[in-house]
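Database features (Swiss-Prot):
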SIGNAL    1-26  signal peptide
BINDING   H45, E198  Zn(2+) binding site
DISULFID  C78-C189  disulfide bond
MOD_RES   S131  phosphoserine
DISULFID  C206-C214  disulfide bond
Amino acid sequence: MAAGSQATWLLIFALLCLPWPKEVRGFPAMPLSSLFGNAVLRAQHLHQLAADTYKEFERTYIPEGQRYSIHNTQTAFCFSETIPAPTDKEEAQQRSDVELLHFSLLLIQSWLGPVQFLSRVFTNSLVFGTSDRVYEKLKDLEEGIQALMRELEDGTPRAGQILKQTYDKFDTNLRSNDALLKNYGLLSCFRKDLHRTETYLRVMKCRRFVESSCAF
């Protein structure tokens with residue numbers, strides 16, 4: 001790996017390890033642009049982790065000939081599809097920042113319970129070895145989104161919770177074909193939901209702070 005690229009990833013890792021800033025004497029400890037920047041970095045990291053975990057699980061447990069048919073079954077249905085949230089960048093651009101933050105928070109909170117079982121399911125893989133930290137990473141992103149909501153809502157009452165149903169727990173019985181399919185579907189939804197969250201945050205950041213990285 002090139003020295004410049006390695007230094008960049010080390011900087012990103014260092015930023016991800018930093019806690020969210022606290023307010024001191026009524027003044028924000030970090031500008032809004034930095035709050036958005038940190039949230040985007042954390043969402044990107046989680047989305048990449050979810051994508052890597054999904055690919056590794058698929059490679060390890062799902063025969064290549066079965067993957068296409070499984071993708072088109074109810075196994076791949078995600079609870080997040082039942083809420084009126086944008087499904088892509090173009091739709092997200094039609095929503096307000098406050099709406100996108102609410103949707104992001106709902107998506108993150110729907111996974112806080114299920115991901116606590118990831119480390120019990122995936123114990124013998126280098127990719128899955130970080131799964132016991134996914135919960136902490138999600139909680140950290142949740143805190144960042146809530147900080148942004150406090151900054152942007154400015155006393156406006158919050159909308160009611162839309163997503164009433166959360167996801168099932170991951171099944172630890174990997175010898176069962178049904179359990180494998182269930183986990184495969186959950187990982188697919190986890191990847192999709194984190195991709196949505198990352199997209200929402202990037203759309204908000206780009207339209208508030210015009211930058212070259214807006215083309216994504």
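Including glycine, each Cβ sits where the backbone N, Cα and C put it.
You'll find the Cα of C189 (disulfide bond) roughly 14 Å from the Cα of E198 (Zn(2+) binding site). DSSP assigns H45 (Zn(2+) binding site) to a helix in the three-state reduction. Across the structure, C78 (disulfide bond) and C206 (disulfide bond) place their CA atoms 28 angstrom apart. Here the CA atom of E198 (Zn(2+) binding site) lies 12 Å from the CA atom of C206 (disulfide bond). One residue stands out among the disulfide-bonded residues C78, C189, C206, C214 for having the most other Cβ atoms within 10 Å of its Cβ: C189.
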